Amino acid sequence: MAFGSLLAFVALAAITRAAPTAESAVCPDGTRVTNAACCAFIPLAQDLQETLFQGDCGEDAHEVIRLTFHDAIAISQSLGPQAGGGADGSMLHFPTIEPNFSANSGIDDSVNNLLPFMQKHDTISAADLVQFAGAVALSNCPGAPRLEFMAGRPNTTIPAVEGLIPEPQDSVTKILQRFEDAGNFSPFEVVSLLASHTVARADKVDETIDAAPFDSTPFTFDTQVFLEVLLKGTGFPGSNNNTGEVMSPLPLGSGSDTGEMRLQSDFALARDERTACFWQSFVNEQEFMAASFKAAMAKLAILGHSRSSLIDCSDVVPVPKPAVNKPATFPATKGPKDLDTLTCKALKFPTLTSDPGATETLIPHCSNGGMSCPGVQFDGPA
């Protein structure tokens, strides 16, 4: 399928909505929804925004977005139901088990942050809470799509087994096989899900540095990560020889402004013949990337459940902040000469400009450009 046709198909799939039914209702706050069951998520969204995210695409939002993936991907067709139930909220139901798996290192922050909401909004299952909180979190990131949200996942009774979460040191083959086993994800869908790395940072790959971003714009949902992973690496933002990390093109930091980290898995997926063209196709294609991510997330978020058994409550997901009106650009001091050898020869690489500046880009630690960020941390068992 040509990429132009693929773009149109993905965009259509991403915006499809269930038609209003006879069960449509008006919630106590006046919001009209397709089903009365969706009303319970309106106060939850308000509580999450005011108490946890504070309307910011910051660390608390980033961590909950990560949690949606780690909770959902823990399912296996080959191992069977006892391996895990997918998007089942088991991270919250078993907060002293799954968060302690090595691949989930650091996820206890988001688990502990959501546990008070699970107790307060106790008519909502933990499984629904995790996926809805992720959709609310993403809405704070300029340029993000408005995610689909299906409600009605039951509470789980068992934790997932260890070993189902892809890790940055895994080979491309192992990653693709894991996604295939989890839910028949195609290589294109795998790359689409990695758009989440444009609003992601790492604390545990290199524990000598805090909140290392994966691109130069970690507070906006844009295509920079797909460009910057294609640049030649020049150094590490912290120590070297860390498992799952390779050299980054923007390692320079200053104070709490940490340099860019490059995951070994991102590097490999951007260069592997099975995925390189998909990776490259997202560079400077904001709408295509956002629509592709939305479609892949719709599939991920219901792993372990039948779509027909769930209720479409997408209309209570907050409308995301608009995209920043800026195309993909090479960071200051970088240009076409800094591109690594491109594996994908079928696509013409877009013509991009470089940001002005004679020194390497410093990536701000906080979305407000400062060094002190708003944040919430609840105590919990994880």
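From the backbone N, Cα and C atoms, a Cβ is placed for every residue, glycine too.
According to Swiss-Prot, the protein has these features:
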{"type": "SIGNAL", "residues": "1-24", "note": "signal peptide"}
{"type": "DISULFID", "residues": "Cys27-Cys39", "note": "disulfide bond"}
{"type": "DISULFID", "residues": "Cys38-Cys313", "note": "disulfide bond"}
{"type": "DISULFID", "residues": "Cys57-Cys141", "note": "disulfide bond"}
{"type": "BINDING", "residues": "Glu59, Glu63, Asp203", "note": "Mn(2+) binding site"}
{"type": "SITE", "residues": "Arg66", "note": "site 'Transition state stabilizer'"}
{"type": "ACT_SITE", "residues": "His70", "note": "active site, proton acceptor"}
{"type": "BINDING", "residues": "Asp71, Gly86, Asp88, Ser90", "note": "Ca(2+) 1 binding site"}
{"type": "CARBOHYD", "residues": "Asn100", "note": "N-linked glycosylation site"}
{"type": "CARBOHYD", "residues": "Asn155", "note": "N-linked glycosylation site"}
{"type": "BINDING", "residues": "His197", "note": "heme b binding site"}
{"type": "BINDING", "residues": "Thr198, Asp215, Thr217, Thr220, Asp222", "note": "Ca(2+) 2 binding site"}
{"type": "CARBOHYD", "residues": "Asn241", "note": "N-linked glycosylation site"}
{"type": "DISULFID", "residues": "Cys277-Cys344", "note": "disulfide bond"}
{"type": "DISULFID", "residues": "Cys366-Cys373", "note": "disulfide bond"}
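Features as recorded by Swiss-Prot, highlighted on the structure.
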| residue | record | DSSP class |
| --- | --- | --- |
| Cys39 | disulfide bond | helix |
| Glu59 | Mn(2+) binding site | helix |
| Cys141 | disulfide bond | coil |
| Asn155 | N-linked glycosylation site | coil |
| His197 | heme b binding site | helix |
| Asp203 | Mn(2+) binding site | coil |
| Thr217 | Ca(2+) 2 binding site | coil |
| Asp222 | Ca(2+) 2 binding site | coil |
| Cys277 | disulfide bond | helix |
| Cys366 | disulfide bond | coil |
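In sequence order, Asp71, Ala126, Ala127, Arg153, Pro154, Asn155, Thr156, Gly304 are the residues near Asp88 (Ca(2+) 1 binding site), counting only same-chain partners six or more apart with C-beta under 8 A. The record gives Asp71, Gly86, Asp88, Ser90 for Ca(2+) 1. Within 8 Å of the mean position of their Cβ atoms, the other Cβ atoms in that chain belong to Ala72, Ala74, Ile75, Gly84, Gly85, Ala87, Gly89, Met91, Ala127, Val130, Thr156, Ala160, Leu303, Gly304.
Thr220 (Ca(2+) 2 binding site) has its Cα within 10 Å of the Cα of these recorded positions: Cys141, taken from Gly86, Cys141, Asp203, Cys313.
Apart from Glu59, Glu63, Asp203, the Mn(2+) site neighbourhood in this chain, defined by C-beta within 8 angstroms of the site C-beta centre, holds Asp60, His62, Arg66, Gly106, Asp109, Ser110, Arg201, Ala211.
Within 8 Å of the centroid defined by the CB atoms of Thr198, Asp215, Thr217, Thr220, Asp222, the record's Ca(2+) 2 site, lie the Cβ atoms of Gly143, Val199, Ser216, Pro218, Phe219, Phe221, Thr223, Gln224, Val225, excluding the listed residues themselves.
It is Cys27, among the disulfide-bonded residues Cys27, Cys38, Cys141, whose Cβ has the fewest other Cβ atoms within 10 Å in the structure shown.
Each of the disulfide-bonded residues Cys57, Cys313, Cys344 was scored by how many other Cβ atoms lie within 10 Å of its Cβ, and the smallest score goes to Cys344.
Taking Cα separation as the measure, the residue listed as 'active site, proton acceptor' is nearest to His197 of the recorded positions Cys27, Cys39, His197. There are 26 other Cβ atoms within 10 Å of the Cβ belonging to Gly86 (Ca(2+) 1 binding site). Rounded to a whole number, the C-alpha distance linking Cys141 (disulfide bond) with Glu59 (Mn(2+) binding site) is 11 angstrom. Listed in sequence order, the recorded positions near Cys39 (disulfide bond) (C-alpha within 10 Å of its C-alpha) are Cys313, out of Glu63, Gly86, Cys313.
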